[in-house]
Amino acid sequence: MGTKDESKVVNETPRAMEGHDPFSNRLRASEAAQREAQMPLLQCLKLYPKAVAFSVIISACIIMEGYDVNLLQGLFAFEPFQRRYGEDQPDGSYQLSAQWQAGLANGVAVGEILGLFINGIVSERIGYRRTVLWSLFFVTCFIFILFFAPAVEVLLVGEILCGIPWGVFQTLTTVYAAEVCPVQLRAYLTTYVNLCWVIGTLLGQGILRAFVESGSSEWAYRIPFAIQWVWPIPIAVGVMFAPKSPWWLVRKGRIEDAKKAVEKLTSRKADPDFDVDSTVSMMEYTHQYELKTTGKATYLECFRGVDLRRTEITCMVWAIQNLSGSGFMGYSTYFFQQAGLDSKQSFNIAMGQYSLGAVGTILSWLLIKHFGRRTLYLSSLGMQFLLLLITGFLGLAPSGNSGASWAVAAMMVLYTGVYDMTVGPVCYALVPEIPCSRLRTRTVVLGRNLYNVINIIMNIIIPYMLNPTAWNWKAKAGFFYAGLCRVLLRLDVFSTPRDQG
C-alpha cells in the first residue's frame, strides 16, 4: 500500500531523522516498501482480495453520481421532462431554456464543490467509512426532492443538495482505493472509478431509452429519479463491513488498529511470509517523515514548498479531463437531436457510445501497463483534437443532411472510446499518486474542485452552444473543444510527470 515515492521516503528516513527516529524496526519497514513495489500483479491479487472487494464496493458510489448527472443531461432531450419543466415553442414543441439547463447542471456542480471541501475536512476527522455512510444517508433523503419536484426551481434545490454527497464520493472513493491497495493494484482500482461513472451513465441512458415511447406521462421521468433509491442501502451494507484505511489510522496514531485493518484487507494464506508489522512500520515512517518535512495537514500546506508543485500538477490533470471535452460528451443525447437525429436514434447511439466507454476503460488497464500514464495523456489529447476538429467541419454541412448527422454521431462515439481508454480513467490513476500521503485527500479535493469550477463554466457555455434558442452552433461546437485540446496538448507536455510504475 505504498508507492515507489513512499519506498524512497522509507529508505531516506533513517538518515533524515538520525537520532530522532522513534522506531526500532527501520530495516523491516524499508524491506516492506521494496517488497510491495516489486510484488507481481497476480500475487497482489491473491494477497489483497478483500482490499480489492471493498474498494470495488465503495467505488460503486460513483455509479449513483454518473447515473444522475448524465440522467439530467439526457432529460434535457426528453419530451415528458421538457413538457413539465420547459416552455412551449412556436412550432408546438417544448424546450427547457439554455439558462435553466445551465442552472440545473451547475446546481449539481455547486453542491459537489461544497461536498468536496466537506470531505477534505470530515473524512480526515471521522474516517472514510463513516463519511461514506453519512453521505449515503443524506443522498437517500435528498432524492425525495428530485422525485416530487413540482417546479424547476425545486428541482434545482434538489440537485444542489444531492451534489453535496456526490462531491464527497468524487474523491473519497479514489483516495480509499489508493490507501488500501498496494502500488501494483492502484492503477486498476483507481481507474475502476471511471468505469463506475460510465456504468452509471449507461444505466441512465438505458432507462431513459426504455421510456422514450411512453408518451407524455410524468412517470416517464419520475421513475428514473426513483431508481436512485436502489443504490444506497446495498452499498451501505457493504461499507459497514469495510475496514478503515490503515493510512488514516496511522495518521491518527492508532497503530494497533492499523495492523488489524491490514490483516482484514489481506489473505495470509496467499503469502505466509507477509509481515503486517513491517507494512505498518513503512506507513509510520512515511507519515513521520512527511510531518517532519512539511508540518500539519491543512489546505494551506498544499500551497507550500514542494507540495505546491504537487498541487499544481494534480489540478492540471483534473482540468485536462474536463477541458478536453468530457462535458460536451455528456450532452451527447441532446447534441445528437440538435444534429438532426430523432429521440429514439439519439438514445440508441448514446447507449452504444457509453458501452464503448466501458470497454475503453477496461482496455485502459492494459494500455497503462504498456505505455504509462503520461504517454496515454499526451496521445489522447492529439486524437481528441482530430476527432473534435472533424466534428466541427461536419457541422458546416447544410441543415437536414442525414449523412452528416450520422457522421457527427460516429465522431462522438469514437471520441468517447478514445476518452475512456485514456484521459477519463488515467486521471484517476494519476491524481492519488501525485500528492504526499498526508495531504492526499486535501490535494485531490483541490484538484477536483478546480474540475468542478471549470464544469460550472462549461455547463453555462454548452447549452448556449447547442440550444436552438441560443447560439445554435450544433456540431460546430467541436471547433471550440478542438482548440482547447490543442492548447492543453502543449501545456501537458510540461505539466504531467512521468509515472514510475
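Note: Cβ is positioned from N, Cα and C throughout, glycine not excepted.
What TrEMBL says about a protein is an automatic prediction, not a curated fact.
Keep in mind it's a predicted model, so treat the numbers as computed, not measured.
Per TrEMBL, domain 'Major facilitator superfamily (MFS) profile' is recorded for 54-500.
Annotation source TrEMBL lists region 'Disordered' at 1-22.
What TrEMBL records for 47-67 (among others) is transmembrane segment. Sequence-distant contacts of the transmembrane segment (47-67) (same chain, six or more residues past either end, CB-CB distance under 8 Å): 39, 128, 132, 135-136, 139, 166, 169-170, 172-174, 176-177, 180-182, 185, 189, 192-193, 196-201, 203-204, 227-228, 231-232, 235, 238-239, 241-243, 264-267, 270-271, 274.
Among residues of the same chain six or more beyond the transmembrane segment (100-119), those with a C-beta under 8 A of the stretch's C-beta atoms are 68-69, 72-73, 76, 85-86, 131, 135, 152, 155-157, 159-172, 441, 445, 448-449, 452-453, 455-456, 459-460, 462-464, 467. As annotated by TrEMBL, transmembrane segment applies to 100-119 (among others).
Under the heading transmembrane segment, TrEMBL lists 131-149 (among others). Here the transmembrane segment (131-149) has long-range neighbours at 58, 61, 64, 68, 115, 119, 122-123, 155, 157-159, 161-162, 164-166, 168-169, 172, 222, 225-226, 228-229, 232-233, 235-236, 239-240, meaning same-chain residues at least 6 beyond its ends whose C-beta is under 8 angstroms from one of its own.
Note on the transmembrane segment (155-177): residues 55, 58-59, 61-62, 64-65, 68-69, 72, 85, 103-104, 107-116, 118-120, 122-123, 128, 131-132, 135-136, 138-139, 142-143, 145-146, 149, 186, 189-190, 192-193, 196, 245, 428, 431-432, 440-441, 444-445, 448, 452 of its chain, located 6 or more positions outside it, place their CB under 8 angstroms from a CB of the stretch. Marked as transmembrane segment by TrEMBL: 155-177 (among others).
Counting residues 6+ beyond its ends, the transmembrane segment (189-211) has Cβ neighbours under 8 Å at 52, 55-56, 59-71, 74-75, 78, 80, 173-174, 177-178, 181, 220-221, 223-224, 227, 330, 333, 344, 347-348, 350-351, 354-355, 357-358, 361-362, 364-365, 368, 420, 424-429, 431-432 in the same chain. Summarising the annotation, TrEMBL assigns transmembrane segment to 189-211 (among others).
Nonlocal intrachain contacts for the transmembrane segment (223-242), taken as residues 6+ away from its ends with a CB within less than 8 angstroms of a stretch CB, comprise 54, 57-58, 60-61, 63-64, 67-68, 71, 75, 129, 132-133, 136-137, 139-140, 143, 146-147, 204, 207-208, 211. Taken from TrEMBL, the feature transmembrane segment applies to 223-242 (among others).
The transmembrane segment annotation in TrEMBL covers 313-335 (among others).
For the transmembrane segment (347-368), the residues of the chain that approach it from at least six positions outside its boundaries are 74, 187-188, 191-192, 194-195, 198-199, 201-202, 205-206, 208-209, 212, 329, 332-333, 336, 341, 376, 409, 412-413, 416-422, 424-426, 429, judged by C-beta separation under 8 angstroms. Taken from TrEMBL, the feature transmembrane segment applies to 347-368 (among others).
Positions annotated as transmembrane segment by TrEMBL: 375-397 (among others).
Summarising the annotation, TrEMBL assigns transmembrane segment to 403-430 (among others).
Here the transmembrane segment (450-466) has long-range neighbours at 76, 98-99, 101-102, 105-106, 109-110, 112-113, 116, 167, 315, 318-319, 321-323, 327-328, 331, 334-335, 338, 472-474, 477, 480, meaning same-chain residues at least 6 beyond its ends whose C-beta is under 8 angstroms from one of its own. According to TrEMBL, the transmembrane segment annotation covers 450-466 (among others).
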